[in-house]
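These notes concern the structure reproduced below.
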Amino acid sequence: MAPGGLSLAWVAGLRGRLFLFVPVVLACGIGAYFSLPREPTPQEWAALGLAVLALAGAAWRLPENAAPLALGLALLGAGLGVAGLRTHLVAAPVLGWHYYGAIEGRIVVIDRSSGDALRLTLDQVVLERISPGRTPERVRVSLHGQQGFITPEPGMRVILTGHLSPPNAPSEPGGFDFRRHAWFEGLGAVGYTRTPVLALAPAVEGSAGLAVQRLRMRISAAVQAELPGDTGAFAAAILTGDRGAISRERLQDLRDSNLAHLLAISGLHMGLLTGVVFGALRLGLALIPPLALRLPTRKMAALGALGAGAFYLLLSGGNVATERAFVMVAVMLVAVMLDRRAISLRSVAIAATLILCLRPEALLSAGFQMSFAATIALVAVFRALREERDWRARMPRWTMPVVGLVVCSVVAGLATAPVAATHFHRVSEYGLLANLLAVPLMGSLIMPAAVLAAVLAPLGLQWVGLWLMDLGTRWILWVAAWVAGLEGAVMPVPAAPGWVLPVMALGALWVILIPGWVRATGVAACALALLGWGMAPRPGVLISGDAALVGAMTPQGRVLSQPRSSGYAAANWLAGDGDGAAQAEAFARRFTPEDRGAVVLRLGETEFVHLSGRGARAALADACRPGRVVVITVEPEDRPGGCLILAPSDLRDSGALAYALDRNGALRGVSVAERAGVRPWTGRGAGRPARAPLP
């Protein structure tokens, strides 16, 4: 048989599984869009649309074995198109410069920053001396200094004096791009204020979304009043999505123990809540014989659980992770109402397809990747165990729940570990132990108690459910603190090249979705990705986009030029290196506090000099020597020849820089602008991105 005929026959053998590949191919198209070095032109979009239509039309005329290939190519193009359409639909003005002055707007979101500062997201923004057409639709402001003159609530109109800047570029080439994240969040500027926030107008009725936000805040406050401290803050987080009250110490414990996912309302919470409601409704209907004998109680329970899930979605604030969880649960409950199997790879594929079509940018988020990695792995493993019944016959019946819990935790942990390590550069060594001790209480005590509290609230008896929740949350927080305190609880992991996670994901999907010996190629792809991850080099020298920090790799780890400034960049660089040191420790590897004004770092034959502080300008002439790169934190009055000078103005277009040595020992550099390309969220025109200069 000819190779072409063989491949078509192989595709024909997959006929019953082809639908499972729809979200996979769609995701490949979406991923390709976000990897483009520039935004396609209108003519290119038109050509793509025609090609997709032509391929979809051709699929109807092609032989049955060849039609899936044409549809696959059409889906690939559709993924590109869906991502591009979403990008342009959410387009909004982005601040292009630093702004200081009056900021007026309506509060739509209240949360806390990573530094534990209260943070307000405002819409209907008014900025002094900026026309409405250039004013961002939303801005986010962190509150510092003396506050407390007002109690912020969604819908309140406020005014303050503060600083605003465009969303931050990546801290290094290829790093997390907050600009892209902010683009899809509708954030056109971020900043802070050290002056009091004043109320211009109280919250008014009329907006259903803001009314729900106010209800969230009231429920959160009531829960915390009933359960003070971190247990109340934890309970409020899983009920309303309001995580602002939990202390930084407890939050760090949850992260280090791999239990932070319990705070985010995601598939686990949505699944547990709808499962509790479904079980309670079905049991209640079964206890009424006239109804149980005449009505489809299973379908009625599924409908009630779907309504409970929708209310939970509204109450949680409707963030992307909760929307994704609701879509997955809704697909499964609808399957129950249609007398189909609720939990199957087909249901997961439908949910993934819906989410990717509605929010294609979700593909890039850790939440989407971890959620579907865990779900797909669990469904696949339990399907395989269901087909192999011998092992169940050999085990005592009472051990089945324990075995199921262990299998769930191990499978979900293994499936999500590569995603977590890629995004967060850390792995919790005892995360499996923590989840085995904590997660069962979420399903057996905390979520049922939450439903009980909601049912009893109209009678004023919500304290019964909250008291039970308190017992469970105390245990979880204790487990988190204990596990986080174990020696070696967290292992730093170096950054992976951008291709590693997609190749690993496709390899794992190939193993799960493809029958027969061919699935071995998926294992090979995963092994190749792991090998590439382990061998990936890190940049020899990194320079921050504001010229405030330089870091050079040494045998002892990365040495930083400053012990404190540019803390965000420093933390990201060290995390990307797989280095658990703090910024001050990285500085002290080579320098003392007296060296802060002028430090010299070396990469091969090139010296990188970092000048900072009041004497930076005066030291420039002496520091500038042939073959040197001099990074200075202030704009120089004059530029002596003989060296490459990098001041903040020189990095404004390029962003952060990374330098390394090639195989021949020559210095090579890359900029954030080069790696990010010319995209709507990068704020550049059609010109070529600024390159990394060489001495």
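Going from the start of the chain as shown, residues are counted 1 onward.
Glycine is no exception: its Cβ is also placed from the backbone N, Cα and C atoms.
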Point to revise | Correct range for transmembrane segment (source TrEMBL, candidates 190-212, 259-281, 581-603) | key: 259-281
Study note, to complete from the structure: transmembrane segment per TrEMBL, picked from 323-342, 363-382, is residues 363-382
Point to revise | Top partner of the transmembrane segment (68-85) among 18-36, 45-62, 259-281, 301-318, 402-425 - counted as Cβ pairs under 8 Å | key: 18-36
Check your understanding: Taking the domain 'DUF4131' (42-196) alone, what is its mean pLDDT?
Key -> 90
Practice item. Count the Cβ pairs between the transmembrane segment (475-496) and the transmembrane segment (259-281) that lie under 8 angstroms and are 6 or more residues apart in sequence, then report whether there are at least 3. Key: yes
